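Only one structure is covered here, and it is reproduced in the block below.
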Amino acid sequence: MAKEVFQRTKPHMNVGTIGHVDHGKTTLTAAISIYCSKVNKDAKALKYEDIDNAPEEKARGITINARHIEYETAGRHYAHVDCPGHADYIKNMITGAAQMDAAILLVAADSGAEPQTKEHLLLAQRMGIKKIIVFLNKLDLADPELVELVEVEVLELVEKYGFPGDTPIVKGSAFGAMSNPDDPEATKCIKELLETMDSYFDLPERDIDKPFLLAIEDVFSISGRGTVATGRIERGIIKVGQEVEIVGIRETRKTTVTGVEMFQKILEQGEAGDNVGLLLRGVDKKDVERGQVIAAIGTITPHKKFKASIYCLTKEEGGRHKPFFSGYRPQFFFRTTDVTGMVSLEGKEMVMPGDNVDIVVELISLIAMDKNVEFAVREGGRTVASGRILEILE
């Protein structure tokens, strides 16, 4: 069957659901998908099981890797990432957040904000997300007086992490909407959420004029066609027949893009902001991996050593309890990759939680990087600092 061509009739935006495990992120994603399929006859409804689609996820009922679905509202085309809330999988949440323009923060009305709610807000802020909408879920299970307290608490938290004080809150039950898609009362919260997304989220300015760059999120082998790398186009435009370079982790190599697709539809060209799959000529699946980037030839180089300015989270923000010294070896998260690096302090003996400081980092492998790129620093399963590259040293 020939694939259909993706029609660009509405502005495209990437959103995602973030929040604590079991607060209902995947249920909300499914409820949106089902609601949009009722309103728009072309849309495909995805059930909870379709979104949580890895065997381990079905067994545990939690999302491990970020999942993508698409839907349309009256005014926009959305790509929606369902981000994992489970602590072990927060690094996949970082990959998901790196692809979002805006986020929907889920908070269960019956339990309020929890540790991961804070960590996700911090990561969203570090990944450059400017606006969020709060979806207060499980309203049917919560004491009405408690709901008001949760609202106040959540808005305080949202402001603390640098999001606007007038962040909208939509209240409802994602499970109710998913289970009763034909009941207007049950789906009212989904309708309100989508309308709020259209009106409150600003369409991002896309770097279409800059050289092409995509950070690889996943790699697949399609029999008879070759190797496909997926990810979000960070900047520029890509067309079939274009020569590109695969940079980072391994030796830089050239290849040609022989196909561009989004959500199983053919794209005439991929643009900044699109989540795409690129078919690569003559590249074996084992030669490409998550964390590399695909870029216009000669526009980005791999490096190991750089100077950066970082902010170390306090104990209250979920960071370290003790200072660190030269020789500290945490993981550095760039775009879709995490790599161990060694920290050197210059003119400073130690770094305390809560400090803003400049450091020199030497990574154990070469990563495609440029100035001003932001990164997260993690250790032992938690985010301990966030930073930005000031200068590339080697």
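All residue numbers here begin at 1 and follow the chain in the order shown.
Here the Cβ of each residue, glycine as well, is placed from N, Cα and C on the backbone.
In Swiss-Prot, the region 'G1' annotation falls on 19-26 of the listed ranges 19-26, 179-186, 251-258, 315-322. Of all ranges given (61-65, 166-170, 376-380, 381-385), Swiss-Prot attaches the label region 'G2' to 61-65. Of all ranges given (82-85, 206-209, 270-273, 290-293), Swiss-Prot attaches the label region 'G3' to 82-85. Range 137-140 is the one annotated as region 'G4', of 137-140, 241-244, 281-284, 285-288 (source: Swiss-Prot). Note on the region 'G4' (137-140): residues 23-24, 27-28, 106-110, 147, 171-176, 189 of its chain, located 6 or more positions outside it, place their CB under 8 angstroms from a CB of the stretch. Note: the CA-CA distance between LEU139 (GTP binding site) and THR26 (Mg(2+) binding site) rounds to 16 Å. Neighbour count (other Cβ atoms within 10 Å of the Cβ, all protein chains): 25 for THR26 (Mg(2+) binding site). Within 10 Å of the C-beta of LEU139 (GTP binding site) we count 18 further C-beta atoms, all protein chains included. Each residue contributes its Cα atom, and for GLY19 (GTP binding site) and THR26 (Mg(2+) binding site) these two points are 10 Å apart.
Cβ neighbour count for GLY19 (GTP binding site): 26 (other Cβ atoms within 10 Å of its Cβ, all protein chains included).
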